[in-house]
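*Asks:* Right, I'll just put the structure down here and ask away after.
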């Protein structure tokens, strides 16, 4: 039996190779975080308040907005805190919570994009049966399944990571408590957790990406069979936003976890793209080319303006 003095607090060293850029990064990331919160709150408000948006496609879009609000809030507040000159310390329990929610929401993202691809597949390949197949009960089951799967995935990774003893050093060479940054600090061999984490995250991303690829292959075949140019454009326009969001989300995840030896700075940039930039872009991607969302947002602003004028 070996006695360990357990670490009660970790120190986040921040984004690698950015010493002296704290003020610039604080301004940039504060603006991105504020835009992410505002944009996703507007999308969520539009989906809830507009009767026209009470369809399966927008139901999952509302779930995506909830996800984006949570995902960027998992890492951004602490990052902005130390960039503003406050302490870099994070308690052991706080590190566990941050790790859990990061991987829970990251897994939920993979499943949610897969479900959204399936929704577009049914809408385009089986338009007459769409409302029957994607009924309210099925949508609720699929949405609940994505969130529950994320929780199970994260419980496994978090348990493997923090069941190991941590007796020092306590400096995490990253800007948040991610598995690859925390495991090297363990006082026992972390190879099992590293292998399981690498396999779990990598395979999960690739399997979901493969299912999305299959869905869009079938969608592409169906669109090619549409005779009218207008019909093809309309069908493609319903999928273009989702395809753009998938590229923004899956690219960073696959690159960061499947590269053998990425540089610390490159890894941090890729992860910031996934954690902060993608949640900022998603509201723009789904609203700029979507007439229903723009109409719902316009109605909300007009209603708010009239309410203020009446006061």
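Don't overthink the numbers, they just go from 1 along the chain as shown.
Cβ coordinates are placed from backbone N, Cα and C, and glycine is handled just like the others.
Quick paste from TrEMBL:
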DOMAIN    39-286  domain 'G-protein coupled receptors family 1 profile'
TRANSMEM  24-48  transmembrane segment
TRANSMEM  60-80  transmembrane segment
TRANSMEM  100-118  transmembrane segment
TRANSMEM  138-156  transmembrane segment
TRANSMEM  198-219  transmembrane segment
TRANSMEM  240-259  transmembrane segment
TRANSMEM  265-288  transmembrane segment
*Asks:* Between the transmembrane segment (60-80) and the stretches 24-48, 100-118, 138-156, 198-219, 265-288, work out which stretch tops the count of Cβ pairs under 8 Å.
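*Replies:* Highest pair count goes to 24-48.
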*Asks:* So, does the transmembrane segment (24-48) come close enough to the transmembrane segment (198-219) to give 3+ Cβ pairs below 8 Å, pairs being at least 6 apart in sequence?
*Replies:* no
